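So the structure is just underneath, and the comments pick up after that.
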Amino acid sequence: MFDFLVFSLTVAGIYALMALGLNLQAGYAGLMNFGHIAFAGLGAYATGIAFTLGWAPLAGAALGVLAAMALGWCIGRIGNKLASDYWGIATLAIAEILRTIAINEDWLTGGSNGISAIPSLFDGLGRPWSGLAFLGLVMLAVAVCALLCRRLGDGRFGRALRLMREEPQLAACMGYDLRSLKSRTLMAGAAITALGGSLYAHYMSFVSPDYMFPAETFLLWTMVMIGGVGSTAGVLVGVALVQAANVLAPFAREVLGFGSDVAGALRLGLIGLILLACLLWRSEGLVPEKLRKMP
Amino acid sequence: MFQFLIDALLRTADLALVTLGLSMLYGLVKFPNIAHVQYAMFGAYASYALYAAGAPLVGALLIASVVTGVLALGLHLLIFRRLLRAGPSISMVGSLAVSMLAIALMQGLAGSFPRMFKLGHTAPLTIAGAHISYTQFYFVCTTVVLLVLVMLLLFYTRLGRAMRALTNNAALANASGLNAERITFLVSFASGMVASLGGSMLSLSTGAHINLGNDLLLPVFAAAILGGLGNPMGAIAGALLIAVTETAVTNLNFGFLFGVDMKFLPVTYINAASFLILLLALLFKPYGLFDHEVRRV
């Protein structure tokens, strides 16, 4: 039970990192990124590939962050002249192309088997402590990133992003370079998300194309939308709620005696239902963003 | 060579009906409905259930398409109409949630194994050395007939003219006394019906499975965007273009590039081809190839 709790909290922490990355883009800047999981996938794969090359874990994480930032820059350039819904579909397509490459290029990614036996970071500490140490590391990363996001959101950069989201033409008139704003937001979000992906690969000691299913992006969207788009505290609340639903689904399966198909369906359906209910009745989320209104 | 044409035509038929509905509806509601491809999956399962219960095949397809049409209309009335008040991005995320729910529901009810139609085996039709099964042949014929019907409806009836007017300039059409609401209901119903027909005819050869909708998602969106979202005739042209490219990518022999006799791209790269076309289209023609909408400058 204790191990299970530590496991759930660690995974929740990793999801929190990815959701914070998405919130920078979708919350502050209003970018409809439906391929967000590609950044996490790049982080995870970079860690796996760095391990097969015999690099240090830190080098793997750095490689992942850099690759994700490069991808974020490219996506930002595509977004230059697209309407937001077209751009959302384009990001989805990019994530799917990356997943197809991960499945097919066996020599680099291990194909559909993925890369396994990636060492966890604290294996030397023994059974309960290694898990706890990892949890501590993840929580530290979440705290640092949450504070960073908050500072970024409340500062000049965040204000510019909100202005771009609400009144793009006004922002352009005031001399903001919208293209560079978008690119920089995407790169910042991508960096945090890739860090999460890299930690996930170490924690699961395994990386496979399954990490990049579009459903994972939608899970992150659910977390962000439930908690409150554009609010750091809201994102953390959303992550906690969705992760609780995730953790409880296997229990429901044991108690009610479902098959694994029904249990999987229950998990997906529950997330969809929460997301839909949230959009219909509380579209600003549980912890709404505080906007300063000019009189 | 002729086999290539047949393959491309079959793939076009797979995509055209679903794309057509998506594009028609987009013209009126102005948000890309991600759940639209799930109507195809739902229709496939409904047809299978009716067929397995003993209904004749054509009857099963028709009843399933009406049921799916009602479902699409219901979803529009209950969910999308409310979401649209909050704007297109919220509606798009909402359609995502509906899509997740639809998959979850079907997986819970029918499990994750494909359901195959038991149609019996017949010898394939052979035209000029190319093979095509009778089911596929009827599928292509039905699709062509349906597309012609929709085209006649769009260009030679009052309703079609009203629809085109609304797509081009909703405010002006509303001011001239068109009942936008009623037309949107009608098109919602029709798009659900057409998508269901497309999905269930596709499932005659591949079986009804829960990923049917997801597998269609990107090719269909690629086709619709290429054709200029909201332009039904463009949607069909887009579907044709995507189908030809996909078939070409898998049938081309890349051996000459590597100095070997035979070298083909892996089949799993088919999808990547359509995504790539989508990206290129968005980069160079952000509003599609056949866009005729007047934009503010």
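Just so you know, glycine gets a Cβ as well, placed from its N, Cα and C.
Per TrEMBL, the feature transmembrane segment maps to A:6-24 (among others).
The transmembrane segment annotation in TrEMBL covers A:31-49 (among others). Residues 18, 21-22, 25, 57, 60-61, 63-65, 67-68, 71-72, 75, 79, 84-85, 87-89, 91-96, 98-99, 102, 108-110, 114-115, 118, 182, 185-186, 189-190, 193-198, 200-202, 207, 211-214, 216-217, 220-221 of the same chain sit 6 or more residues outside the transmembrane segment (A:31-49) yet have a Cβ under 8 Å from a Cβ within it.
Summarising the annotation, TrEMBL assigns transmembrane segment to A:55-74 (among others).
Residues annotated as transmembrane segment in TrEMBL: A:86-103 (among others).
Feature annotation from TrEMBL assigns transmembrane segment to A:129-149 (among others).
Taken from TrEMBL, the feature transmembrane segment covers A:186-206 (among others). The list of residues near the transmembrane segment (A:186-206) in space but at least 6 beyond its ends in sequence, with Cβ under 8 angstroms from a Cβ of it, reads 10-11, 14-18, 20-25, 31, 33, 36, 39-48, 57, 60-61, 64-65, 67-69, 71-73, 75-76, 79, 114-121, 134, 137-138, 141, 145, 149, 152.
According to TrEMBL, the feature transmembrane segment maps to A:218-242 (among others).
The list of residues near the transmembrane segment (A:262-282) in space but at least 6 beyond its ends in sequence, with Cβ under 8 angstroms from a Cβ of it, reads 215, 218-219, 221-222, 225-226, 241-242, 245-246, 249-250, 252-253. Annotation comment: TrEMBL describes A:262-282 (among others) as transmembrane segment.
Long-range Cβ contacts of the transmembrane segment (A:129-149) within its own chain (Cβ-Cβ under 8 Å, at least 6 residues beyond either end) map to 3, 6-7, 9-10, 13-14, 16-17, 20, 23-24, 120-123, 192, 195-196, 199, 202-203, 232, 236.
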